[in-house]
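Asker: Pasting in a structure now, in structure tokens, and then I'll have a few things to ask.
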């Protein structure tokens with residue numbers, strides 16, 4: 001259902017999911033901004049009972065660089081309008097996959113109002129699950145329970161559990177610290193927090209020459225026999241001729257291109273011979289006094305703690321009601337498909353919906369993926385993967401790894417049967433090789 005489509009760059013399309021007849025909302029172009037919003041008939045109160053947020057997303061072209069998260073928006077009284085929906089529109093929860101560069105996570109962000117300061121603060125779930133790395137449809141579920149427990153599921157399987165009020169589960173914690181460092185306190189000017197200082201009594205030794213160079217000529221070096229002092233390293237190309245259309249007045253005086261002097265190829269060297277440089281045994285560099293314990297050290301200074309004026313207590317998070325659901329993303333890839341967005345108050349309803357909408361679709365996609373892998377057969381080992389396996393077979397033949405040869409070959413055979421395991425196999429073989437190296441070093445064999 002689409003109420004508003006915004007942004008001249010990003011055009012949504014109601015499109016079939018690749019491989020079957022199920023339709024979804026499709027991101028059609030890369031490097032575009034997309035925004036779309038649907039108002040709910042009635043706001044959803046998240047403070048009463050269990051609430052389940054669920055939807056499907058599919059990266060049909062694989063994971064590259066794009067977000068596929070939803071924003072669960074506060075009522076319009078918070079200061080936004082559907083026709084003006086953008087990245088600044090106030091939301092209560094942001095949930096869903098996001099991947100680009102070093103970012104790979106299924107976000108869950110609660111935006112809660114601090115009752116003392118009146119400001120809204122984003123609280124990010126710590127250590128969220130990673131996004132599945134394939135081209136299949138996946139269903140993302142967030143379950144918010146009245147006992148403050150939150151569960152993140154992918155394809156019906158729990159990937160992350162936490163508690164809204166636990167400091168270790170959200171950053172920053174939903175309940176602020178009771179005390180904070182005094183922002184108005186400053187370190188006293190006479191506060192010395194240097195643990196060690198240059199020895200004020202140390203004196204530079206008389207024989208310390210700071211001007212001695214780091215390198216000097218090796219006076220014991222002898223010019224190699226046969227060195228051609230009078231031959232340059234490069235000569236004019238004797239076969240080069242001035243082009244017929246060359247005009248000395250316009251193009252300048254013509255000079256033949258240089259080539260390596262063929263006489264130097266059989267000689268130890270050409271041109272002026274210079275002694276090589278060697279490290280100067282007298283070099284000491286700039287003298288610095290040694291460090292000693294600081295008798296005036298007072299420790300590391302920090303401001304005193306004061307009561308946090310924005311501290312508050314609560315027995316459960318303050319969720320603003322959800323009045324609309326929006327997708328607002330900036331993506332560097334096309335082919336992202338959204339489908340079957342659901343808000344439910346019963347986990348069983350969400351599970352049943354997964355079983356009837358997502359699961360049949362996923363089974364079809366999975367079977368197609370398997371058939372494609374079987375059809376390509378040995379072709380899957382073409383290109384990069386084939387080169388990887390060729391190198392691994394050579395590793396298996398290294399003499400000092402002979403004790404582990406069967407183990408390494410077993411790893412390689414498993415990877416050839418399942419090419420998606422290549423990275424894991426590489427890691428396993430590296431561990432085996434490092435183990436062999438350490439045993440070789442420490443056993444003295």
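Cβ atoms are placed via backbone N, Cα and C, with glycine included.
Nobody curates TrEMBL annotations by hand; they come from automatic prediction.
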Asker: Of the residue ranges 254-273, 274-293, 294-313, which one carries the region 'Disordered' annotation in TrEMBL?
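Answerer: My reading of TrEMBL: the region 'Disordered' range is 254-273.
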Asker: Between 115-141, 142-168, 223-249, which stretch does TrEMBL give the note region 'Disordered'?
Answerer: 223-249
Asker: Have a look around residue 100 (disulfide bond) and count the other CB atoms within 10 A of its CB, chains all included.
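Answerer: Cβ-Cβ neighbours of residue 100 (disulfide bond) within 10 Å number 15.
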Asker: Give the residue counts of the compositional bias 'Basic and acidic residues' (183-197) per reduced DSSP state, in the order helix, strand, coil.
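Answerer: Residue counts for the compositional bias 'Basic and acidic residues' (183-197) by secondary structure: 0 helix, 2 strand, 13 coil.
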Asker: For residue 100 (disulfide bond), what is the secondary structure by DSSP, using just helix, strand and coil?
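Answerer: SS state of residue 100 (disulfide bond) = strand.
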